[in-house]
Amino acid sequence: MTIIRKSHPLMKMVNHAFIDLPAPSNISSWWNFGSLLGLCLIIQIASGLFLAMHYTSDTTSAFSSVAHICRDVNYGWLIRYIHANGASLFFICLYLHIGRGIYYGSYMYKETWNIGIVLLFLTMATAFMGYVLPWGQMSFWGATVITNLLSAIPYVGTSLVEWIWGGFSVDKATLTRFFAFHFILPFIIAATAMVHLLFLHETGSNNPLGIPSNSDKIPFHPYYTFKDLLGVIIILSLFLTFVLFFPDLLGDPDNYSQANPLNTPPHIKPEWYFLFAYAILRSIPNKLGGVIALVLSILVLALFPLLHTANQRSMMFRPISQLLFWALVSDLMILTWIGGQPVEPPFIIIGQIASILYFSIILLLLPIAGLIENKILKW
């Protein structure tokens, strides 16, 4: 008799995706982040569901309902902090996952890569709308500033902003619709992640060498299930330490004050995971130009497959590209720091230089480095 996991229609799908999946024998721990992102999504959906049971999306009671969750609901404080810091964990894993893809040339699987970019946009939209829900000062003003950026779109901008707001300012209608979208988007993300996996399993995983691994495959279970499990244990240990000991470290103190349209916070800034894009937005003194740069800072990822000039896929044996890659990582860290600083010298010029460098490395220097390395290696 055939084993049920190989014959049952549903089990067969799971089997082909997670058990008998042929995987390269040499993939490193950098390949753990896909499964960790799945874990993050499950944590966020589960904790979010319990928060939604007690949250009210009304401007008069949203802030109080979050306080009620923390004070009166059994382990409400824990669920709230797991959800808030879970977003940070999600983005840490997401950025490391993208960095791995760039370093090892995984972007050459174009369909998987492009679906990944769609996933990044969806996750960013979800996180932004979630940040508005507690209805603190930074929630309100962050929502006002970021949605207002759409008014830079010629001709339809103002109408578009008022349509999103559901009125002439961020108010009850905005909060209600943001809650609705924040609730539904994670399920859309989960469905899109399935498509991401579908495309990945069409080609099979890349590996650190960037060469075909068809001649040397091993089953996903037990090898990579246990390897992933180690990553899960390490990440969860660090995450719970963070949640239980430093729950407010990454939050903004302004968000503990209720939203007040008559009082603007001294420095309006988003959560840390958006600061690099926020710095790029602020480095251009023109509103429309800033918005275009903001969108391009993420969309530029779609150009990686087109700008790949090297004859080797991975950066593992390409020292010039490696140097540029780590320069890009450092540049993103500088942009993140600048995004959290006030708009005054010397931060303005540092942000502008870092923004130019960000686009230069991706659009110009990495493709040139690839060509130089081809020459050096006489490939």
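Cβ atoms here come from the backbone N, Cα and C positions, even for glycine.
Note that the structure is a prediction, hence the values are computed from the model and not measured.
Residues or ranges marked as heme b b562 binding site by Swiss-Prot: His83, His182. Residues or ranges marked as heme b b566 binding site in Swiss-Prot (evidence: similarity to another entry): His97, His196. The ubiquinone binding site annotation in Swiss-Prot covers His201 and is backed by similarity to another entry. The feature transmembrane segment is assigned by Swiss-Prot to 33-53, 77-98, 113-133, 178-198, 226-246, 288-308, 320-340, 347-367.
Structure with Swiss-Prot features highlighted.
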residue : record                   : Cβ neighbours (10 Å)
His83   : heme b b562 binding site : 21
His97   : heme b b566 binding site : 20
His182  : heme b b562 binding site : 21
His196  : heme b b566 binding site : 21
His201  : ubiquinone binding site  : 14
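Taking His83, His97, His182 as the binding-site residues under consideration, the smallest Cα distance to His201 (ubiquinone binding site) is found for His97.
As a quick check, the transmembrane segment (288-308) and the transmembrane segment (178-198) miss the bar of 3 or more Cβ pairs under 8 A, pairs 6 or more apart, so the two do not touch. In this chain, the transmembrane segment (226-246) lies in contact with the transmembrane segment (33-53); the count of Cβ pairs under 8 Å, excluding pairs fewer than 6 apart in sequence, is at least 3.
Residues of the same chain lying 6 or more positions beyond the ends of the transmembrane segment (320-340) and with a Cβ under 8 Å from any Cβ of it are 99, 102-103, 269-270, 272, 274-280, 282, 310, 347, 350-351, 354-355, 357-358, 361-362, 365-366, 369-370, 372-373. It is 21 Å from the Cα atom of His182 (heme b b562 binding site) to that of His196 (heme b b566 binding site). Cα spacing between His83 (heme b b562 binding site) and His97 (heme b b566 binding site): 21 Å, rounded to the nearest whole number.
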